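Asker: As annotated in TrEMBL:
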- 1-235: domain 'SAM-dependent MTase RsmB/NOP-type' (DOMAIN)
- 40, 41, 42, 43, 44, 45, 46, 63, 94, 112: S-adenosyl-L-methionine binding site (BINDING)
- 166: active site, nucleophile (ACT_SITE)
């Protein structure tokens, strides 16, 4: 099925999305009236999916990259009906600064972090681009942890945060989450075994490392992913 072209003033009928990309959205357990932050929101598919799960009181879609921000705006214009526009804010802030800009503001935060995007490697034969990605891959865990710490600051006590990537990299997945859990005393992991059991018919999950999240592995007949999802809760400080 082809993607529909963007047309100003016209809403699209469908959005093509890898099925595994819905897992971070479902893990967030969004409820009506909640304040939600999508910290790295472009291209906007997860933001659209969030609005299909519930009616948030406020949805803040942030994207720092100017080209991806344009893509995000087009997605929202193409899928969000006018009555919902008033509950959405779009910003272009460095995600690492969001926590200081809006401390303890949001009930739920989604951090779909920049990552090495293993799935895109399947469709790329550009050796120069591959060399650049390998170089960037070493730096990504630092950025991912900085984004998570900022998101934690922006999350209210008692709120939920979901961290996701589309890479198989342990350094960008479990290691990032473990570092956050070890360094942030007010953050606790949320068990995701129930989600894994519920979705096991449709997705193949890595058999190990689930104490820090779920990793969807593509396989023949179930070509979804890769997608890593971890769920964290911010406790009340005493």
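Going from the start of the chain as shown, residues are counted 1 onward.
Keep in mind that glycine also has a Cβ here, set from the backbone N, Cα and C atoms.
TrEMBL does not curate its annotations; it predicts them automatically.
Locate each feature and note its surroundings.
Answerer: Packing around residue 46 (S-adenosyl-L-methionine binding site) is summarised by its Cβ count: 23 other Cβ atoms lie within 10 angstroms of its Cβ, all protein chains included.
Just so you know, the Cβ of residue 166 (active site, nucleophile) picks up 21 other Cβ atoms within 10 Å once every protein chain is counted. Mapped onto three states, the DSSP output places residue 166 (active site, nucleophile) in coil.
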Asker: For residue 44 (S-adenosyl-L-methionine binding site), which DSSP three-state class applies?
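Answerer: DSSP assigns residue 44 (S-adenosyl-L-methionine binding site) to coil.
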